[in-house]
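Asker: I am attaching a structure below and will ask some questions about it afterwards.
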Amino acid sequence: MKNTIAIGIQWGDEGKGKIVDLLAPDVDVVARFQGGPNAGHTLVIGDQKTVLNHIPSGILHDNTLCLIGNGTVVDPFRLVEEMDMLLAAGIPVSERLKISERCQLILPYHRALDAAREVAKGKNKIGTTGKGIGPCYEDKTARRGIRLVDLVSDDLDARIDANLEYVNFMMTSYLNAAPVERADVERALDLARERLLPLAADVPLILQRRIKAGDSVLYEGAQGSMLDVDHGTYPFVTSSNTVAGAALAGLGVGPKQVDEVLGICKAYTTRVGAGPFPTELYNAEGMCDAEQAGKHMAEKGHEFGSTTGRPRRTGWFDAVVVQHAVRINGVTGLAITKLDVLDGLAEVKLCVAYELDGERIESVPACCKRLEAVTPVYETLPGWNESTFGATALDQLPANAQALLRRIEEVCDCPVTMLSTGPDRKHIIHL
Ligand code: GDP
Ligand code: IMO
Ligand code: MG
């Protein structure tokens, strides 16, 4: 297999974990380049379900080296928990995993700040995962972050002192919240020293050697393009670049070391957390369309967050969003997931444009308020009653399901190369 970047191109939870796990046997290395424990990637093999947060979705395969790149943010408590969960399942994690020494650490004060800021925002909150992601990336950019390599630095104590002074001033004097205890921070640092530092490595050097030797790499994204801090629905985004370009900076490889960009999206759309969602039909407050299609998607698709358990908002496939993502990522092929969830709907809709102030537009407005104000322009296609669940060949699909795929390809101007028809590794059609 060629060197491929596999990324989500909606608002996350597109099925990246499933797709990466099934492609992993065809590559030598799987590498994560951004995000952290805000990600929840689900792998299903028979009756065994595994949810990964930091660890690349290639970890279940014997001969796959897994790398966590410098662009990620790592919470020692969560990552060690994840490693122990895999160890208990008989996976020799330490033999398969290396962590960039340049990774930023999420410390207890990042989680505390994340939570306190959301409370302070009240009804304007972002709806973050509460994992400390934003504050950790902020510290990285502000040049006060603590990296894995810094655990053995002799100025670490002084840097933690300075960070805590600043954080606790914010917590108590601005956010009206309890201060963070230094002992909690020390526990995180000790755990990282004991369990993560032995896996620290020069990731760009490993990648360079492997690629030179002819090995192939699968670069695994987290979140989705509409959550990208530059290209997404700002400010309702995560705090990292989630687009394909971030794979290079987040691992230390060059543009010529990538051959393909696989854009993963559902056959409909979901979003968790606040922010605009033009084709939304259904959410926790119960809003729904006449045909109850949104409720059908939520229930049949089991649309609850893998990490937070929060109900996901659901709606029709938004081709304006997917076209935007195809452009900003240079997507070379689409992987459409959860086609089976649409089984049993009388009609299926595709949003092909928006109407804004009486005008038709075919791109995503940069301003959130404008995106909130758009009305989707839909194309309606006939649905199907047959089950597509578990199909492994195109000719097993009803004609109307095939027609939907062809229309998605046309509208998004990108070939569909993979089609997922169930959560299991084996529920896949290669096109
Ligand atoms: P990720 O964050 O992109 O890896 O996606 P999540 O794991 O958070 O959410 C995707 C959910 O859909 C998981 O529960 C998967 O097991 C499930 N899933 C993935 N592909 C399919 C599919 O084709 N059909 C169905 N029914 N479920 C799927
Ligand atoms: P995977 O990798 C879906 C969303 C949160 C919130 C916003 C900011 O499983 O697709 P953050 O905690 O990152 O500061 O939250 O981003 N979000 C996700 N939504 N899937 C994810 O990851 C997400 N990671 C963050 O819900 O709206
Ligand atoms: Mg997820």
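Using N, Cα and C of the backbone, Cβ positions are placed for all residues, glycine too.
What TrEMBL records for this protein is below:
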BINDING   12-18, 40-42, R312, 338-340, 420-422  GTP binding site
ACT_SITE  D13  active site, proton acceptor
BINDING   D13, G40  Mg(2+) binding site
BINDING   D13, E14, G15, K16, N38, A39, G40, H41, T129, R143, Q223, T238, R310  IMP binding site
ACT_SITE  H41  active site, proton donor
ACT_SITE  K140  active site
BINDING   S306, T307, T308, G309, R310, P311, R312  substrate binding site
Asker: Listed recorded positions: D13, S306, G309, R310. Which have a CB under 6 angstroms from an atom of ligand 3?
Answerer: D13, S306
Asker: Where the distance is taken from Cα to Cα, which of the recorded positions G12, D13, G15, R312, T421 turns out closest to Q223 (IMP binding site)?
Answerer: G12
Asker: Under 8 Å Cβ to Cβ from T42 (GTP binding site), same chain, six or more residues apart: give me those in sequence order, or none if nothing qualifies.
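Answerer: Listed in sequence order, they are G15, G17, K18, K49, T50, V51, S306, P423.
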Asker: Among the recorded positions G12, D13, K140, L339, which residue has the fewest other Cβ atoms within 10 Å of its own Cβ?
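Answerer: Comparing Cβ neighbour counts within 10 Å for the recorded positions G12, D13, K140, L339 gives K140.
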Asker: How many angstrom lie between the most widely spaced Cα atoms of the IMP binders D13, E14, G15, K16, N38, A39, G40, H41, T129, R143, Q223, T238, R310?
Answerer: 34
Asker: Fewest other CB within 10 angstroms, which one of the binding-site residues G15, G40, G309, P311?
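Answerer: G309, out of the binding-site residues G15, G40, G309, P311, has the fewest neighbouring Cβ atoms within 10 Å.
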Asker: Return the members of N38, G309, R312, T421 (the binding-site residues) with CB less than 6 angstroms from at least one atom of ligand 2, or none.
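Answerer: Checking each Cβ against ligand 2, the ones under 6 Å are N38.
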Asker: Given the recorded positions N38, H41, T129, K140, T421, which one's Cα is the least distant from that of P311 (substrate binding site)?
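Answerer: Sorting the recorded positions by distance from P311 (substrate binding site), the top entry is T129.
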Asker: Based on Cα distances to K140 (active site), point out the closest of the recorded positions D13, T129, T307, T308, R312.
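Answerer: Closest by Cα distance to K140 (active site) among the recorded positions D13, T129, T307, T308, R312: T129.
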Asker: What subset of the recorded positions D13, H41, T307, T308, T421 lies within 10 angstroms of T129 (IMP binding site), using C-alpha positions?
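Answerer: Close recorded positions: T307, T308.
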Asker: If you measure from the Cα of T308 (substrate binding site), which of the recorded positions D13, G40, H41, L339, T421 is the nearest?
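Answerer: Comparing Cα positions, the closest of these recorded positions turns out to be G40.
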Asker: Taking Cα atoms as reference points, rank the recorded positions D13, T307, G309, R312 by distance from G40 (Mg(2+) binding site) and give the first.
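Answerer: Result for G40 (Mg(2+) binding site): the nearest of the recorded positions is T307.
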Asker: Show, in sequence order, which residues other than S306, T307, T308, G309, R310, P311, R312 on the same chain lie with their Cβ within 8 Å of the centre of the Cβ atoms of the substrate site.
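Answerer: Result: G40, V272, F304, G305.
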Asker: Please check each of the binding-site residues G40, T42, G309, R310 and report the ones with a CB atom less than 6 Å from an atom of ligand 1, ordered along the sequence.
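Answerer: G40, T42, by Cβ distance under 6 Å.
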